[in-house]
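See below for the structure under consideration.
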């Protein structure tokens, strides 16, 4: 630097040629403006050696948090209520497991129990929120603090939202009340499935663990891609890594791989569950079931059906990528495009989302058809589509109601955990903000309930397709006996009687049961 610019950096006692060789340079020359660094063993990055750099960063972060009053109050609310948050998260886990036990052993009355509990829970939760709001408003004049005002406003928002949600929920339950009987038979059989295959409950945890491992690997490769290529100094004197040739497109390849492999892992879970449930359904003597139907299903998946799962997940990827591109364009053009372009973008995004959901549902049924017939993906998808079209009214009557009842179970767990959180956090309303702790607890309760009940929802969907195939190719006569459970046989007989009565009477109730 001094030879090329003529600027002397060190003391005049040293000549420029001695800057890097003389032992006095450490005292007579200035320190580098960049902290001394060393390479990290992983990811090929340099990091400061002196730990004081990290201490200064932590100090700056703490200063930022302390200066932000709103953020400080939210974080202090979470830290003050951390024991309550952990206890409520554990409560949601216990409630989800209790609900699974109830589904297994009292499935016949589960639907009515859930309906009554959800009604009582919605009424009770909404009433408690309005009562707390009225009580807090009366005592707000005595405690005039910003925290108390924030809690009062949050209570009003919660109470109004709970009231609107309660009205919508009651209307949906009123519309679907006549179809409740169609769900009980499948719920009863699904409960028997979990009795014989209890390890199905833990499938979401294994899938989540595999996804975490894959995402960690994906992030590792992403960091390596950041320094792939040739280091070239730019105009400002800094070093940039320029990728040439095929390396320039590795980012796109990596992003597509993230979506495809994630969908592939989820599809493997669906295929595993479908194979285990199909084995249970089409085994007449349940005593002859394999020792581990789930491991047998995994073995069949690895040996014969990986291509089927890969093709199904790739189709979902082909639909998901354009939707993500359109969402990115919509985000970048926000506020710049005209009303017509904004409407067209939202319409395209909505259509692609609907197509993705339909294909996901068709894929799940295609995996079930593959587990039954051991056919390839296209043949299985065609067979599943034909059966679903032939049983369109049954799909609407059984599958939708089953999903709705499981949704009520999730609502029950979230409402119960949220109500317990309101009652516990209410004692701290004068000196801490409990908006964020309550949101954290409710989100965790929903995630836990979803993990447990999503498997139950998947089992109901697989049982329905097995039931539809069973009724299509068998009629109960000698040589063509049904594989279905006795509860489903009774359901079919009752449906046949209802169809005959509907043909004679033509009443409203007859038309309601006519699809079966």
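Here the Cβ of each residue, glycine as well, is placed from N, Cα and C on the backbone.
Because TrEMBL annotations are produced automatically, they should be read as predictions rather than curated entries.
Per TrEMBL, the stretch carrying the note transmembrane segment among 45-78, 249-282, 283-316 is 249-282. Range with TrEMBL annotation transmembrane segment, chosen from 208-229, 318-339, is 208-229. The stretch in 181-201, 208-229, 249-282, 431-453 that contributes the largest number of Cβ pairs under 8 Å to the transmembrane segment (84-103) is 431-453.
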